[in-house]
There are 2 protein chains.
Amino acid sequence: MSHRVSDEVAARATSEEITGSGAPSRRHHHDGDSLPYIHKVGAPPKQNLVREIKEAVKETFFHDNPLGHFKDQSGRRKLVLGLQAVFPILEWGRGYNLSKFKGDLVSGLTIASLCIPQDIAYAKLANLQPQFGLYSSFVCPLVYAFMGSSRDIAIGPVAVVSLLLGTMLTDEISDYTKHEYLRLAFTATFFAGITQMTLGVLRLGFLIDFLSHAAIVGFMGGAAITIALQQLKGLLGIKNFTKKTDIVSVMHSVWSNVHHGWNWQTIVIGMAFLAYLFASKFMAKKNKKLFWVSALAPLVSVILSTFFVYITRADKKGVAIVKHLEKGVNPSSASEIYFSGKYLGPGIRIGVIAGMIALTEAVAIGRTFAAMKDYALDGNKEMVAMGTMNIIGSLTSCYVATGSFSRSAVNYMAGCQTAVSNIVMSIVVLLTLELITPLFKYTPNAVLASIIIAAVSGLVDIEAAILLWKIDKFDFLACIGAFFGVIFKNVEIGLLIAVAISFAKILLQVTRPRTALLGKLPGTTLYRNIQQYPSASQIPGMVIIRVDSAIYFSNSNYIKERILRWLQDEDAQRKEHSTQIQYLVVEMSPVTDIDTSGIHAFEELHKSLQKREIQLVLANPGPIVMEKLHASKLAELIGEDNIFLTVADAVATFGSKAEP
Amino acid sequence: MSHRVSDEVAARATSEEITGSGAPSRRHHHDGDSLPYIHKVGAPPKQNLVREIKEAVKETFFHDNPLGHFKDQSGRRKLVLGLQAVFPILEWGRGYNLSKFKGDLVSGLTIASLCIPQDIAYAKLANLQPQFGLYSSFVCPLVYAFMGSSRDIAIGPVAVVSLLLGTMLTDEISDYTKHEYLRLAFTATFFAGITQMTLGVLRLGFLIDFLSHAAIVGFMGGAAITIALQQLKGLLGIKNFTKKTDIVSVMHSVWSNVHHGWNWQTIVIGMAFLAYLFASKFMAKKNKKLFWVSALAPLVSVILSTFFVYITRADKKGVAIVKHLEKGVNPSSASEIYFSGKYLGPGIRIGVIAGMIALTEAVAIGRTFAAMKDYALDGNKEMVAMGTMNIIGSLTSCYVATGSFSRSAVNYMAGCQTAVSNIVMSIVVLLTLELITPLFKYTPNAVLASIIIAAVSGLVDIEAAILLWKIDKFDFLACIGAFFGVIFKNVEIGLLIAVAISFAKILLQVTRPRTALLGKLPGTTLYRNIQQYPSASQIPGMVIIRVDSAIYFSNSNYIKERILRWLQDEDAQRKEHSTQIQYLVVEMSPVTDIDTSGIHAFEELHKSLQKREIQLVLANPGPIVMEKLHASKLAELIGEDNIFLTVADAVATFGSKAEP
């Protein structure tokens, strides 16, 4: 069985291997016609410029066709649709019923019991007084319920954003007891909301995709460990604790306080409840139905420990307690936001970063649960909802809120149906603020620390990191870079490393695309990478190379040089068998686009090949590439006859001429 | 003729359209066996990690295999090869002969005659005294001749880099008569050399590819016009000229001087020689053999005008002349470079920018001529040569030198054979410096201005801009952005715009890759974009989509959503014909890589499809994708049976089951 076509026409009629197989010729073969029937490479009708730009803009920013259902509707209907677009509650609210409410009520109460102790604890991470955590769990979920499109997300303050905010705010104003600190926090929250809303309105939501999954895994893991380390202060009852967040400073601080700074009563309380929290978490993991044991554990811990401290007056023995917790509903903070002055700049900067991170978390959560229940989630609409929520939040004494991983999971498992569970939670928080906040006065800080540690422990996802290692080493690098950046320096550096590595990956992708040497799979007319299919055989006199990327200025020279190197290597190898290479076939199927630099590279390639008396042949260029080949006259230069629909066609046509 | 397979086996034996056509089954068909023979998708043997990383690093930084010929050589031979690698002259010098020298002598003399007047003029663009231009044309070409690998490039000061340097240096030290200005120029030259050398040694040469061809066309055109406008000062004899380079300031300066600032004697001289220079250029363009008329015109202009001014003493009538030109060879400038102090920072910044631009120009020239004569040019080695040349230059009173477009073209046309033509030019410049520089004292500035205008006029490449418009609108945007940035603001802003647009294009490429709906070409088993091939028909019950890019974190969500939208659109359309979609085939041929985010997106896609009772089917995943599908267990999730070698195989297998 030979691997080449001895004569173009005869081969198709006689060779067992080729006859009836050259796919394009088959029909004619069966019609008794042995002339090869070769499809011409199609070029789409030339679009006019305006249309072309319109299409490009649409695909870039409006690929989800957000206004599609507005088409062909009456004015009144359009208004209703418009309102429904901004407030999805108007849409799903109409189908709301009692059975759904049952699910939402149970899940709402569950996440409320979880969020109240967490809110108090997280506010401390942001160096804010505890009531601000509760404020954020009252207003923000309410706003989201009306505007958001996720059914499972649980809104409120979260650990990582609280830490990020606390770190960045303290960098600006190191004394966080100052009123300026609080004002800067509101300012940052306001601009976080503005950032989120802007991204949504301008449909730039894809920008958050640049923080890759891998980077988030590393960043979250690092942040969780940093947060847990910070809790050693509360858990061990240390008074003089470092303000830095890196692991070296924290461990130094912990050990230097070992002799006179630790408080054994605090340690006993903290460790006891930490053990209880982890035990309940473990139970819930073993038996999914017991998730409520874990969900209620923080509230139980707070109630028990508060009661215990109140009875024993352990606070007199050095056990630090919450002490002060403002009663009542959110006061207005509209006049507190800096719209000018020296804190405006830092406020914007912190707001943009915190807003982006909060959004990344919320969108990741939203997507996960939307995929699990298979409903559509409009990323840009989500951003607008988040933005509005944080803007309104910043005016009502809230700090940056977003979707919480752990509470959303509990919400989902408790059987939430719609965003009404957030409304239920919000009402419970309101009642708490109005009625029982003074009771939290005796809650020991050690228990709050335990609650935080237990909550963030879920963020360290070792399995995900192992999977990253298995699947993609570069992703693992981004993950581990972000992780070490966070724990050894701070959250900002970690973020920076993660983004830098992600960008390096993109740069690598666009500068060093892959190319492959193709061979013919035995018994087919398919040409495949000979590395993947070792049985694939090469055609004498021809070198077939596939380019696996759009050809742009960033890689055109590399591609040209790489193709010439393939040729050189093959030439050297085949010289030993004294065959001469006469055709270079470039399989263009994966080449979706080519720019002027790419065209130039091919012109140069063609020129180089001419000197070596090798004919350049193109196989299956796509529509855009065809258009540009014609526009640049490169198609004429190469020769229309040398552009084929498939590699098989090229081989059928030239295989005979390429005999040694 | 039906477009679906009514029964998998029977179809292959009976249907006129399918029989003997399902490429993978052909062989068996001809063997009389009608069972489909389907190739399994190959997965390459798993590589170990070290090897994998080694391969990646090699492909990224050493894709040209620079140490390949060192392999299996003796120590002594390696030393020789190493020396030859650093000094290519040792390699090509051995085959040098008299006939080559003839070509080099003629071309060297020609470019020398061209460079001497240009050097004097360009030095003025950089706000330096004229002798520094000549110094740079003496030392730099000499160094390059020993280390460079291009045979056609002509080394020396060039207009655009001189302008860029002049602009940036004046931004730092506005009074360019100060000695600090000269010192900063040497400092910048030194760091330009360091930058170039570093890029070459670290094999980061691909970074200059990020300045796309389109951006360069616009930037060069803008710079040429800016330079020409600057020459109005010399050409019109204006004394009080603006220091800004933007077109508005310059035109304002020109018109405000119209009544008392213009000098008619200067204008007459300038215009006369400008006409002569353009006429000679025109002649050379009409008849390539007369290129020497154009090449000698600048020298002739200088000699004639100098003689004329000397005779008529026109300088007494307000015709500005060179006046002062230091005689003698380059003095040392090693002690003039700032290695500390407040000018170190600006020196580095200016050096890096000027070095990159100089490199871009040199590499573009080198590549052009290497492609024309078909010899290999090692980009990284070129950078080391350029870097060394500028470092040595900065120590010997030269400023940034690089390859000149116009002089290289003349060099090529005059028949240069090797870099020896640069040595000839260098010697002529040396003789000029030692013997005849005082004669240039009476050269009128207006003639130098004419020479510059004539030289840079070739940089405005309107044809290239038109071609950009025709081929790629985005490239045209980058071009025009750079152009307007340069002429309306300054060279730095122009550069910034060009780089920003180029990056935006890359971002767009990696965030919004193309996808296409495929259909079957009639009479084949080929599946192609139905937009490109309107005759392609879809398979009932199946939607076939091709993804045209590697799937990374930056686009994984978009791809997932886009695929679902294709499905939705098709579903809506086909509902009218009451057919149910049961299979979604994703053609993966162009998907060269997938990362963890991509794997997650496919998991989510699979989950969404399951809810809709649609089976996900993959066709022709590449080696790396296959490896990752297995590592992530996604292959198991989708089912190995649902991964095919070709779309045709998938259709053959499922086409029958997918009947409405």
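Every residue gets a Cβ built from N, Cα and C, even glycine.
Now, the feature entries from TrEMBL:
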| type | residues | note |
| --- | --- | --- |
| COMPBIAS | B:1-10 | compositional bias 'Basic and acidic residues' |
| REGION | B:1-38 | region 'Disordered' |
| TRANSMEM | B:153-169 | transmembrane segment |
| TRANSMEM | B:181-204 | transmembrane segment |
| TRANSMEM | B:210-229 | transmembrane segment |
| TRANSMEM | B:261-279 | transmembrane segment |
| TRANSMEM | B:291-311 | transmembrane segment |
| TRANSMEM | B:350-371 | transmembrane segment |
| TRANSMEM | B:383-402 | transmembrane segment |
| TRANSMEM | B:423-440 | transmembrane segment |
| TRANSMEM | B:446-469 | transmembrane segment |
| TRANSMEM | B:476-504 | transmembrane segment |
| DOMAIN | B:532-654 | domain 'STAS' |
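With a threshold of 8 Å between CB atoms, the same-chain residues lying at least 6 positions outside the transmembrane segment (B:476-504) that come near it are 160, 163-164, 167-168, 210-212, 214-219, 221-223, 225-226, 244-248, 353, 357, 465, 468-469. If you average pLDDT over the domain 'STAS' (B:532-654) in this model, you get 87. Scored by C-beta pairs under 8 angstroms, the transmembrane segment (B:446-469) has its highest count with B:261-279, from the stretches B:261-279, B:291-311, B:383-402. Contact count against the transmembrane segment (B:181-204) (Cβ pairs under 8 Å) is highest for B:383-402, out of B:210-229, B:291-311, B:350-371, B:383-402, B:423-440.
Within the chain carrying the transmembrane segment (B:291-311), a Cβ under 8 angstroms from the stretch's Cβ atoms is held by residues 110-111, 113-114, 116-118, 269, 273, 276-277, 280-281, 283-284, 319, 321, 410, 413-414, 439-440, 442-444, 446-448, 450-451, 454-455, all 6 or more beyond its ends. Per-class residue totals from DSSP over the domain 'STAS' (B:532-654), listed helix then strand then coil: 61 helix, 21 strand, 41 coil. With pairs at least 6 apart in sequence, the transmembrane segment (B:383-402) and the transmembrane segment (B:350-371) have 3 or more Cβ pairs within the 8 Å limit; the two touch. Among the listed stretches B:153-169, B:210-229, B:261-279, the one sharing the most Cβ pairs under 8 Å with the transmembrane segment (B:383-402) is B:153-169. Cβ atoms under 8 Å from those of the transmembrane segment (B:210-229) belong to residues 125, 159-160, 163-164, 245-247, 250-251, 356, 360, 364, 452-453, 456-462, 464-465, 468, 472, 475-476, 478-487, 490-491, 494-495, 498-499, 501-503 of the same chain, restricted to positions at least 6 beyond its ends.
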